[in-house]
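Chemist: Quick one: the structure is below, questions incoming.
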């Protein structure tokens, strides 16, 4: 009979395998709005040079020279730790921030903390996000941060992942706990969705807390409800549930969000990063797309993709006459009829 630790580790490895399968089979489609529902209005006289572009973003007291980071994926098993080490090496080489996957397993079984700590050893001077669930205590939040000497903490809110999970939580009283952690922790706290987007109601609730940032984790990226349905026997289907990344960005605008904003959920190109910036994001991040490329082609190819994104983003800034992110925010987008309908309904 498997021990509790072995069961937890098996679940971690199942998540990895199913996330890879999800992206390999291109199941990351959403019934909601996508970035193709908006088009960038060009500036034919940009009066700019590619050498004069500065797309760095000042967030959480840190200058991110490229407004993108490697999002939380995994950790806590031999396979997962190897992937985290590869991601940390990529992040170091590309001067990117990185988030580790949920550290719950290492908080419960401290002997597994070394795999997470290795990320800091590799990316010694990089910006790292620790990661815990919203039900964890302030003490566990501090332990997670200390484990990787993190610069910030992601608290994931994952109701739509827990409910399809046979062994998942069934009680979700999180808001007060999140605020306690955010108000007492010494590093910035980011609340992160895990693939279902964030509504105006949630933005407004978080506005009253001490959290520093919100990661919208919209539909269109890895769908953890799909992953848990594959693991489960209950067949609870949430394929059509939630808000897409683009819809969540619009919700943030309509909620007059003032927290730092991170666009995650199916980010696969520089153009999607650029549109996210136009719509108010301070940073973008990606997990599943990076994982798929890492497992299919290896770390060198992932670095090539990121290098290409940097070049492409530079060109998009020039094409719109934007020297920096402040000017990028003024770029006009042409909205599709579906996008206009969404805005009208949600006003």
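Start at 1 and count along the chain as shown; that gives each residue its number.
Backbone N, Cα and C define each Cβ position, glycine as well.
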Chemist: For the FMN site that Swiss-Prot assigns to 72, 73, 74, 102, 192, 222, 287, 288, which of the candidates 43, 131, 158, 257 is also assigned?
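Modeler: Swiss-Prot names 131 for this FMN site.
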Chemist: For the binding-site residues listed here, 74, 131, 161, 222, which shows the highest count of neighbouring CB atoms within 10 A?
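Modeler: The residue with the densest Cβ neighbourhood is 222.
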Chemist: Using only the residues recorded as binding FMN (72, 73, 74, 102, 131, 192, 222, 287, 288), report the maximum Cα-Cα distance in Å, whole number please.
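Modeler: Largest pairwise Cα separation, rounded: 17 Å.
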Chemist: Compare all C-alpha positions of 11, 12, 161, the record's substrate binders, and send over the largest distance in angstrom.
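Modeler: So the maximum pairwise Cα distance among the substrate binders is 14 Å.
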Chemist: What does DSSP say about residue 72 (FMN binding site): helix, strand or coil?
Modeler: coil
